[in-house]
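The structure under discussion appears below in the form of structure tokens.
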Amino acid sequence: MLKSRRIRLATWLAIMAAIVAALAMSFFESANGRIEPRAKNGVLDLRDWDLKKDGALRLNGAWSFYWGQLLTEGAGTDSASLAKVPGTWKGAGLPGRGYATYRLHVRTRGGDGPLALQIPAIAPAYRIYADGKEIAQVGTVAADKGETRNAYFPQTVEFTPASDEFDLLVQVANRLYPNGGIWFSLTLGAEGDMLHRQERSSLADMAVFGGCALLGLYQLALYALRRSERSILYFGICCLLGAIRQWVVGDIYLAEFYPDVSIRLLIALEYLAFYGGVTMAALFVRELYPKEFSGKIVKSLAWVGAGFIGTVLLLPAETYTELIGYFQWVALFAFAFFIGGFALASWRGRGGALLQLTGWLAFVASAVHDIFYSKDWIFWIDVQLVPYGFILLVFIEVLELARRFVNAYRTIGTMSDELIAMNRMKDEFLANTSHELKTPLHGIMNLTQALSEGRSGPLNGTQREQLEAVVSVARRMSNLINDILDLSLLRNNGIRLRRGRVDVRAVVTAQEEVFRHYIGSKPVSLRLEWPESLPDAYADESRLLQVVYNLIGNAIKFTPEGEVVVSARAEGAMLRISVADTGIGIPEDKLETIFQSFEQVGTSAAPEYGGAGLGLGIAKRLVELHGGAVAVASKRGEGSVFSFTVPVAEGVREMQEGSFGDPDSAIFGAARLSAGRAEAAASLEFPEAVQSEQAILAVDDDPVNLRVLKTVLANEPYEVLTASGGLEALNLLERSGGRIGLVILDVMMPGMSGYETCRRIREKYGLSELPVLLTTVRSGPDDLMYGFEAGANDFLAKPFQPHELRARARTLLEMKRSAEEAVRSEMAFLQAQIKPHFLYNALNTIVSFALDEPQTSHDLLLHLGRYLRGSFDFKNKQRLVPLRKELELTEAYLSIERARFGDRLRVRYEVDESAACLLPPTTLQPLVENAVRHGVTKKEEGGTVTVTVRAGGGSAVITVEDDGIGMNSAAQAILSREAEGAGGVGLRNIHQRLIRMYGKGLDIESAPGSGTRVTIRVPLENGNDREEERG
């Protein structure tokens, strides 16, 4: 493997050597070929050069040079010497600072049209003349040092020569840099060609600047997220320094945006970018390959770079610019060091090293090219390559960093998978071990408890105490196993909260006896302090109680004697619950660690208090899952105060309601009604689904669960209604007219729980009248017991199978149908019963009219027959009958009674024809009979019975009123016994049937001597109800 890598490296080096040789040959060829015309003795002959066809060219060569003179025309030729352009005059034995004039006589072929001269930043101050006319100026050129003003920016100017030959005079003044002269080449070309050349150069420079700046900022942002990766920091700074240098050299775009920028600032930024870039590059390569790059050399380069940066910050420009040559040698050494290090890394087979070596070689080659190009040693590539070499190097570095990140994430992924597998094995081990331990542990507890209770024989005090100690230790071990399982779930995010409204005061108070059991015989009192108004918490009730258990248990454990106080208060949108004790307290150095797993105070502060140290850690994590925080305040020997916060339920519930349901579904729309809007819901039309006898009401605060229930029951012959809370469900039941046959009720609901809702249902409906199927995620023995005590018919644990839900629903509905059938049969039997003395009295009355008033006798016989047909109907099992049938039966009965009692019985009807409704069979006549027998006929003078039917508030209001003797405590008597005696159709039976059908029974008003009024309210009849009339 190593041998193959070295073979590839040798092949790559051979290829690079061939490329370098080709470049060298091209250099020598270009150096001897002299492609562009050169200035000689101050004259440039372009008569064989077509500026439009052959393109622009640099005005390089030997210019006429006038030291200490500022000429505007071709005078002073007697004192002229020659100077190389580009170049400095210091090499001619002249001082570096001063002023002079360069002159070039240009001969053209003519016909080139307008020309353009591209002028880089050739000097701190210059002025250019063409044929005696000034065409460009930067700064102020003056013989006096005090009048010279420095500036620093490039430009391109246009001019039109007067003839085929013209003179260019360049006045130069340098008071700043150590070397004066024309530093860079001036380029002459046709106007259009030069403008295109300038645009192309500008776009390339802007691309380099923008790319480096954005990449640098991105790397710094990435470093802010990953502080351990210092290579990102160094590379980001390198990119930003490269962007800054690109901004202040070449075309100097900073000067274009800020024309008044100081030349000293430009020079400082240029030098700082150069020094800092080399320094950051050294630190960067060291981070990439620490074994190949000597730490001592890198530190030395960093210190040298820092020293040169200090000269820029502390010394004037006239001083620190003279030191640039020294740092260039440092940079040359650094680049050689970089290339050598990458070559070594490639030889050793380090990942990405060969690509790095390629990038650095390309960058150094571009720098060497630009140096040779600026010295006018080569001509074959008429463009500066350093920006492109730098971009290539940056691109390669980005690839290398990306490769490292990909490898790092791949490694992390592999390690994460391994850790997950190991963690899963650990969790499985804990779960299996805990379950294996729990069975024998509970056996030990039960057997020991039985022994301590003396079931196997009498025990003395010592034996009983020892057995109770065994039970206590076993119970602690069972709790420890539960804590370990909870801790495992918390660490793996395995606990899912079922949040809802929790009445903290009620929940904690209900467990007060359990907390006192923790205290046992210790001289510790437990006190609960609650404010008069305490908002509900938005939390998982079981987990909230677990937190309180842990904190109270911890307080009792570390309180030998004294008091434990549990309190709560609202703090804005949070509810703070506190547990304070007067125990041993916690040392200050332990306050930060007590919430860590397996940390506890006992081992250091009080060795007699043992424990695994899991309870507080679990409590803290459970609170944080709720979005709250745990706090502790304690002093050694003075006790501790543990407190935690959970969100208040106010506002949270409203947000949830807004997210319920499907806007296209009327049923889901009804489900969005909350408990707070129950009064408004009562005035709404009841859904059409309720008109079916097979309606099922699904109650759940989760709209997803409601959708699941509707989907599971979609193919069944049931109409499914939905409610999102207990109060809304009760409201729907009250308005359903007894048409709902089954309630599927979720236990864990905010506000009114499923248990409480079930209890409220059982206040009006029996087990067979309205079955309730409870659904819950908790189906332990205690949960089942609470559910059945609340009145549930059956339990269904979540998640459930669809066929199981359908089977249980069918069973409960069939049970209800069988019970109703039995009740209807009983009602038919009761309806058929007529007391012998009523029939005897009726026949005697008819006989008494037979001789004197035969027509009256005939009518009475018809009324008696109609009454008997309505009463002796064993097949009369209709659920509801029209009001007119009840009125007909009542009229038949009253006709017979009026004939019997004569003027002592008066009857008045007030019937609103629009108040059509349906009633359970034999509802109205028993009420009228009660008014006759126990009301008006008990008075010697008799009285009046008034039957009133009117419509109001969507209901038919039926009133039977008499002015008889009245009743003492009539409502209680009627509802507690059969008013008709054994075998009759009693008012209590009517009352119960009305409650079952409409949620409201008889409304009785009575007082001695003032008569009695009985009122019934039933829903008005609609089109669907008319089908009830058909037998």
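Any Cβ shown, glycine's included, is placed from N, Cα and C.
The domain 'Histidine kinase' annotation in TrEMBL covers 432-650 (among others).
Look at TrEMBL and you will find 695-813 tagged as domain 'Response regulatory'.
The feature domain 'Histidine kinase' is assigned by TrEMBL to 924-1022 (among others).
Every protein chain considered, the tally of other Cβ atoms within 10 Å of the Cβ of Asp746 (4-aspartylphosphate) stands at 23. Residues annotated as 4-aspartylphosphate in TrEMBL: Asp746.
Outside the transmembrane segment (206-225), and at least 6 residues removed from its termini, the chain residues within Cβ reach (under 8 Å) are 232-233, 235-240, 242-243, 246-247, 253, 387-388, 390-391, 394, 398. Look at TrEMBL and you will find 206-225 (among others) tagged as transmembrane segment.
The transmembrane segment annotation in TrEMBL covers 232-249 (among others).
According to TrEMBL, the feature transmembrane segment maps to 261-285 (among others).
Taken from TrEMBL, the feature transmembrane segment applies to 297-317 (among others). Using a Cβ-Cβ cut-off under 8 Å and counting only residues 6 or more beyond its ends in the same chain, the transmembrane segment (297-317) has close neighbours at 176, 264, 267-268, 271-272, 275-276, 278-279, 282-283, 285-286, 323, 327, 330, 334, 337.
Under the heading transmembrane segment, TrEMBL lists 323-347 (among others). Under 8 Å from some Cβ of the transmembrane segment (323-347) lie the Cβ atoms of residues 5-6, 9, 12, 271, 274-275, 278, 281-282, 285, 289, 292-293, 297, 301, 304-305, 308, 311, 353-354, 356-357, 360-361, 364, 367, all in the same chain and six or more residues away from its ends.
Residues or ranges marked as transmembrane segment by TrEMBL: 385-402 (among others). Residues 204-205, 208, 211-212, 215, 231-232, 235, 239, 242, 246, 250, 284, 288, 352, 355-356, 358-360, 362-367, 369-370 of the same chain, all 6+ positions outside the transmembrane segment (385-402), place their C-beta atoms under 8 angstroms from a C-beta of that stretch.
Sequence-distant neighbours of the transmembrane segment (261-285) (same chain, 6+ residues past either end, Cβ-Cβ under 8 Å): 124, 139, 150-152, 176, 230-231, 234-235, 237-238, 241-242, 244-245, 247-249, 252, 254-255, 293, 298, 301-302, 305-306, 308-309, 312, 317, 320-321, 324, 327, 330-331, 334, 337-338, 341-342, 356, 397.
In this model, the domain 'Histidine kinase' (432-650) carries an average pLDDT of 78. When the domain 'Response regulatory' (695-813) is classified with DSSP, helix, strand and coil residues number 51 helix, 26 strand, 42 coil.
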